[in-house]
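K.L.:
I am attaching a structure below and will ask some questions about it afterwards.
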Amino acid sequence: MDGPLELNFRHEVKGEKLVIAIAQDYKTSEVLMVAYMNKEALEKTIETGKAHYWSTSRGKLWFKGESSGHFQEVKEILTDCDEDAVLLKVKQNGGACHEGYFSCFFRQICSEDSVGQDAGKCNVRIVKEKIFEPEKIYGEK
């Protein structure tokens with residue numbers, strides 16, 4: 001059904017009504033990160049063409065790349081069937097992850113060989129390479 005934008009901001013964190021936002025590389029379809037958006041973040045994203053999110057830890061609007069310069073150029077925005085989550089297809093400039101990786105999904109819990117086996121045998125391991133050193137951008141923790 002076509003019609004006006006009416007997302008279901010039904011997820012609530014610290015009193016803020018939110019939708020889940022998934023950022024995906026627009027060329028490779030690699031999932032880059034998962035965050036939240038409130039109405040203002042979604043509107044700013046649409047208006048500027050750059051991804052904005054709601055920081056649940058800081059309780060404020062967050063322009064992705066504000067500190068690092070690693071912004072996300074939005075190519076397309078989709079919503080799911082319940083209209084309570086959005087998928088942003090983006091051109092990622094630099095790394096999406098504040099830990100220095102292109103994607104926030106750089107840790108493997110289990111591989112194809114271990115799926116369907118005893119969960120206790122799974123070991124988390126890093127399967128991607130860092131593309132930048134966080135300390136050089138954000139400073140020491």
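Note that Cβ sites are derived from N, Cα and C of the backbone, with glycine treated the same way.
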K.L.:
Which single residue out of CYS97, CYS122 does TrEMBL record at the Zn(2+) site shared with CYS81, CYS104?
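P.N.:
TrEMBL lists CYS81, CYS104 binding Zn(2+), and from CYS97, CYS122 it also lists CYS97.
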K.L.:
Averaging the per-residue pLDDT over the domain 'Phosphoribosyl-AMP cyclohydrolase' (33-106), what integer do you get?
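P.N.:
In the predicted model, the domain 'Phosphoribosyl-AMP cyclohydrolase' (33-106) has a mean pLDDT of 97.
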K.L.:
Ranked by the number of other Cβ atoms within 10 Å of their own Cβ, which of the binding-site residues CYS97, CYS104 ranks first?
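P.N.:
Within the set of binding-site residues, the most crowded position is CYS97.
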K.L.:
When neighbour density is defined as the number of other C-beta atoms within 10 angstroms of a residue's C-beta, which of the binding-site residues ASP80, ASP82, ASP84 has the lowest density?
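P.N.:
Comparing Cβ neighbour counts within 10 Å for the binding-site residues ASP80, ASP82, ASP84 gives ASP82.
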K.L.:
What is the set of residues, excluding ASP80, ASP82, ASP84, whose C-beta falls within 8 angstroms of the centroid of the C-beta atoms at the Mg(2+) site?
P.N.:
ASN8, VAL19, THR79, CYS81, GLU83, ALA85
